[in-house]
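Please see the structure below; I have some questions.
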4 protein chains.
Amino acid sequence: MAGNTFGNAFRLMTFGESHGAGLGGIIDGCPAGLEVDMELIHRDLARRRPGQSAIVTQRKEPDQVAFYSGIFEGKTTGSPIGFLIQNTNQKSKDYSHIADSYRPSHADYTFDQKYGFRDYRGGGRSSARETVSRVVAGAIAKQLISPVTIQGYVSQVGEVRLEKPYNELDLSQAENNPVRCPDPETAEQMEALIREVRKEGDTIGGVVSCVIKNVPKGLGDPVFDKLHARLGHAMLSINAVKGFEYGSGFEGVTMKGSAHNDAFNSDGSTKTNFSGGVQGGISNGMDIYFNVAFKPVATLIQSYDTIDKEGKEVTVQGKGRHDPCVVPRAVAIVEAMAALVIADAQLLNRLARK
Amino acid sequence: MAGNTFGNAFRLMTFGESHGAGLGGIIDGCPAGLEVDMELIHRDLARRRPGQSAIVTQRKEPDQVAFYSGIFEGKTTGSPIGFLIQNTNQKSKDYSHIADSYRPSHADYTFDQKYGFRDYRGGGRSSARETVSRVVAGAIAKQLISPVTIQGYVSQVGEVRLEKPYNELDLSQAENNPVRCPDPETAEQMEALIREVRKEGDTIGGVVSCVIKNVPKGLGDPVFDKLHARLGHAMLSINAVKGFEYGSGFEGVTMKGSAHNDAFNSDGSTKTNFSGGVQGGISNGMDIYFNVAFKPVATLIQSYDTIDKEGKEVTVQGKGRHDPCVVPRAVAIVEAMAALVIADAQLLNRLARK
Amino acid sequence: MAGNTFGNAFRLMTFGESHGAGLGGIIDGCPAGLEVDMELIHRDLARRRPGQSAIVTQRKEPDQVAFYSGIFEGKTTGSPIGFLIQNTNQKSKDYSHIADSYRPSHADYTFDQKYGFRDYRGGGRSSARETVSRVVAGAIAKQLISPVTIQGYVSQVGEVRLEKPYNELDLSQAENNPVRCPDPETAEQMEALIREVRKEGDTIGGVVSCVIKNVPKGLGDPVFDKLHARLGHAMLSINAVKGFEYGSGFEGVTMKGSAHNDAFNSDGSTKTNFSGGVQGGISNGMDIYFNVAFKPVATLIQSYDTIDKEGKEVTVQGKGRHDPCVVPRAVAIVEAMAALVIADAQLLNRLARK
Amino acid sequence: MAGNTFGNAFRLMTFGESHGAGLGGIIDGCPAGLEVDMELIHRDLARRRPGQSAIVTQRKEPDQVAFYSGIFEGKTTGSPIGFLIQNTNQKSKDYSHIADSYRPSHADYTFDQKYGFRDYRGGGRSSARETVSRVVAGAIAKQLISPVTIQGYVSQVGEVRLEKPYNELDLSQAENNPVRCPDPETAEQMEALIREVRKEGDTIGGVVSCVIKNVPKGLGDPVFDKLHARLGHAMLSINAVKGFEYGSGFEGVTMKGSAHNDAFNSDGSTKTNFSGGVQGGISNGMDIYFNVAFKPVATLIQSYDTIDKEGKEVTVQGKGRHDPCVVPRAVAIVEAMAALVIADAQLLNRLARK
């Protein structure tokens, strides 16, 4: 109801604000008997972590996750998995400039409108820091759905765009550079652009692409919970996301049906894959691929004009350690949300037949 | 769970297949005391109806809706609203060509994979005929949320694209032509393209754009159920949709934050609206606008090669009366789903404060 | 949210008022591939039907159910099953005496308080007529969960009480008399009592007992959705129910743990069954048995003093054709709700292990 | 789905096992702006706490709760409230006798059947220790619903039964003795019985009664989520509960309708209250009162025969510090669950009218 839960059979509820005592969540519905590899969780947390490279925010958040329940002798028990990430770097900051004024294109104004007041410290509940809990849950979901693999990468930063489709790229290269673009040359251009933007105290948008392989057939439901509708919901729930497309996406609208239809091979696979691995809302076993558009983040290290709570115009000096471009860190979040969707759909699919 | 329900506080559950005895649904959670104008329901049904113009399918579906409950002496009672649309045009058709083979880029193959068999007649549950129930519920939701208005229109068919943004158009013109494009000249080009495509027995994709005005502030929730995430889920659940973007959308990724941030006026409104009326997942009172990409529909009136259930290659002759381009009829469906999202969010917003 | 849905994986949403155009529901989540025996549905409807014997209401409701979707060539398809029972006996009745005054211990007053007004005809949404939809869904659930069997019977009417526990009775006798009490002698006393009460225009309470056999182990969840909590919820949602107990129930509170604990046999079954087939909220494979207390129905064929909407005292003459005691007809409803709970739990149990 | 969540609008999800690192939960949907009195939370925790008197278990659990989110400057923010109770007393215990064998009438056997294995330490997830999280959430719910008051008390221990109805008792006396029975004389008899039972290493059942006053009219929904059905579900989800009745309850079945019907006063209140404050599932503003039956707890400090995982018979010596009778400590849990139900219903009731 209040929108802090995601999923049906495999369900995550999160809590926590940017500068509260801690963040965490409960994973409910993870089946019993999964051996949990903590290393894989730490790896994904590291991919999302601030300070991991020169082109992301230099905040220090160690993001140590502690598990309190639901795992016994290394295996999930079927009971809810409660976890907590203590906030350790949130001490004596001065937020008075935010407390009294509304930062443009942030959630400051809308929170006040909805709730009457807000925890203004670092964006409170609307901070992208909340996604740390999604990455924890996603890393467990990934282990549950194995051998399904989920691979995200950066395909666009500003105007710098990776033109090749995913199946002409060596996606294993994505983690070899700080931008997480699998094409080294394009990655360099992207990195250069991000550095330039950061120097100006400005920010820039980008696109995260994602590919899901080894998908079982039959995931998703035919009407309101089409697999791609759940994926779209998941992606659009990530901070700063403005758009989602899968398969042929927005470009597909220019095609004719005779060119867009995916002809079958005799084994049920298709010769092309404009469908993006989903037909009628249900996976057909082909690769699922999609794009997620991220706007330039709103936090600038510049001075800007805005209003305070009384509507008076004020000038504010942006400060702190923020991301000039979120997409390199967002890759891990996109993957985590995709893993939650697939894990959920895979469990629900057990209910389809008598 | 099985994905036939949409919404939380204002909830629609639908049933029905393309060629079963009837389709319908239950609206649960519509507050008591709403005077229902049946004319507005009929009007939206007419906008979605086949056979309404020369450029849509010539099937005849009268789409008479009967209400069985929840409305008493012209007003909603707070009890669930059950409604039924009898199928009347589904008689002695021959579906043997579909029963045994899989139409490319339809849900035939995936249904068989998921459920073991399927109601093959006219696409069964995966038919877009299911959306008739959404339009009924949406037309009631529109009345509940008034004076919020929701206006959809066609902004692209194939390569023919309306370049002007919504606020430079006279949207009241959208219903003046069969394409539902508010610019008469572009509408003519679109119509010409659709006629051409139909002549070939082919289909073409398109984009439906939608604008929501007079939105109260505070709708939506900050984390998983951001208002735009719910809108995206809703739109992606419509048949043939491949993408969703709101506000600056995919183009916003090329912008810098300093240009993209929406500066405030002293009354809390913003000078620009790249945010698309939603900040941090919560409405800020500005117009909400978004685009929905529809692929070319898969049903062609051409002969095509495919496989049958045993994986043998077969050649099938497409026939029947199908839409060369769905977007003119989809406008009513997009609006209906948007109305369901807004009605739901508006009710949930009553719970935000003590 | 508005409480017209029951169940999670196997889900029923109902609509319809006593004197509206019709009642019905949607069953969502019934797995594909179940062969539906319509005869079993009709049989249970007949067991709930008014007019079935001399000791129940003489209203005539044929209760013909029409299925609109989700069943194809005799088998469930995995799509939602929509069904409708037209109201045919609701013509030119005069309800003015109810419209303006509040019948004691009915929902008249509380509906007006909650919704501002109400559909007063025959109790509207709060009429037990709504349970016809539960019986339809329950009859399908029974087929899904077979070989699990659910057997209800009347164990008490007023002070006339069946003293023997269920396992000392021949439950197959329950359907041999109109009271549905498996002990012929007690049944006669009950019937005599009901006839006497009816003569006075009065009503009397009773208890329905129910036994579930062949229950798979593992149904139910350990915390909030304990199997017996779901059963209790289900039973307490039936009109006129005032209490629920399972296993040793209220009498168990007087026992010591050493006597109450159920010792194991070597095959995991237990020597006694005070647990009632559920331990820690999860079925252990033993019989589940429980009691449901029904109050005397509030509708009397007597004159009574009450108030009207303005709070003025008025005298009203009760009239019509009502049940002097609901338990004979309630047996089918109790069974139906139990079937919904078991079907749901059985599906959910598929999710427990990796 | 996995049953670790309770409530709709005011929602609690819990996690944690008896002997894991900690227990806790997330309260989602608590409206913004509630000033939280921590003292009231501590007070209810103290009422549930082990070791509080000579007649309850002498385990030491300090039950310090830490809040991590959702409360800012003393007020709820509308964001989820995450909280944690560290387990501190769970060190070097030896559970080998439980690990390999099944304690009768516990959840040991059923957990193994459902999940394939279990966290056997102290009952794991099925331990009543989980209810500590319910008491935390309930204490916040009580503050939200004020001036509604919820007062539980012990009305029966074994055969010792408080014969007076709640409105002839001075309920303020309930907290004056360790049994929590408001009648001092009966309390003494109950205490004596519990001491005797404890001496034998045995246990005894009991009944907790509860009264809710100042209830707004209109809470609850007319069909599946009748207010008393939600209350019953809540109570039956508490460990060791075997039955629930409200208003006239099981005794009401012996009454005639003419005696049972609650006649109106001119202000809408009723002269009697057999309805128990709920009519047609909706509160009418009168006191809500109900009884909850608790079985004798299964843990004995005696030796007993049982089986191990292989089905071999073994003799086990019960040991440790357990409750001879749970009802004194259960009073706080019953109240907490009632508070969750009322808070939820009160929020949902905001949605009833246009």
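Placement of Cβ uses the backbone N, Cα and C atoms for every residue, glycine included.
Quick paste from TrEMBL:
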- A:ARG48: NADP(+) binding site (BINDING)
- A:ARG125, A:SER126, A:SER127, A:ASN239, A:ALA240, A:GLY280, A:LYS295, A:PRO296, A:VAL297, A:ALA298, A:THR299, A:ARG321: FMN binding site (BINDING)
From the Cα of A:ARG48 (NADP(+) binding site) across to the Cα of A:LYS295 (FMN binding site), what is the distance in angstrom?
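A Cα-Cα distance of 18 Å.
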What whole-number distance in angstrom separates the two most remote CA atoms of the FMN-binding residues A:ARG125, A:SER126, A:SER127, A:ASN239, A:ALA240, A:GLY280, A:LYS295, A:PRO296, A:VAL297, A:ALA298, A:THR299, A:ARG321?
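The two farthest binding residues have Cα atoms 44 Å apart.
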Among the binding-site residues listed here, A:ARG48, A:LYS295, whose Cβ has the fewest other Cβ atoms inside 10 Å?
A:ARG48
What number of additional C-beta atoms lies within 10 angstroms of the C-beta atom of A:VAL297 (FMN binding site)?
24
Need the DSSP three-state call for A:ALA240 (FMN binding site) to compare against my parser.
coil
Need the DSSP three-state call for A:ARG125 (FMN binding site) to compare against my parser.
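In three-state terms, A:ARG125 (FMN binding site) counts as helix.
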Sorted by position, what residues of the same chain at least six away from A:SER127 (FMN binding site) have a C-beta under 8 A from it?
A:GLU17, A:SER18, A:ASN239
Which binding-site residues among A:ARG48, A:SER127, A:LYS295, A:VAL297, A:THR299 have a Cβ sitting under 8 Å from any chain D Cβ?
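The binding-site residues close to chain D: there are none.
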Which of the binding-site residues A:ARG48, A:ARG125, A:SER127, A:ALA240, A:LYS295, A:VAL297 have a Cβ less than 8 Å from any Cβ in chain B?
A:ARG125, A:LYS295, A:VAL297
Can you check which residue among the binding-site residues A:ARG125, A:ALA240, A:THR299 has the largest number of Cβ atoms within 10 Å of its own?
A:ARG125
Please report the distance from the Cα of A:ALA240 (FMN binding site) to the Cα of the residue listed as 'NADP(+) binding site', rounded to the nearest angstrom.
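The Cα atom of A:ALA240 (FMN binding site) is 15 Å away from the Cα atom of the residue listed as 'NADP(+) binding site'.
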What whole-number Å value do you get for the CA-CA distance of A:VAL297 (FMN binding site) and A:ARG48 (NADP(+) binding site)?
16
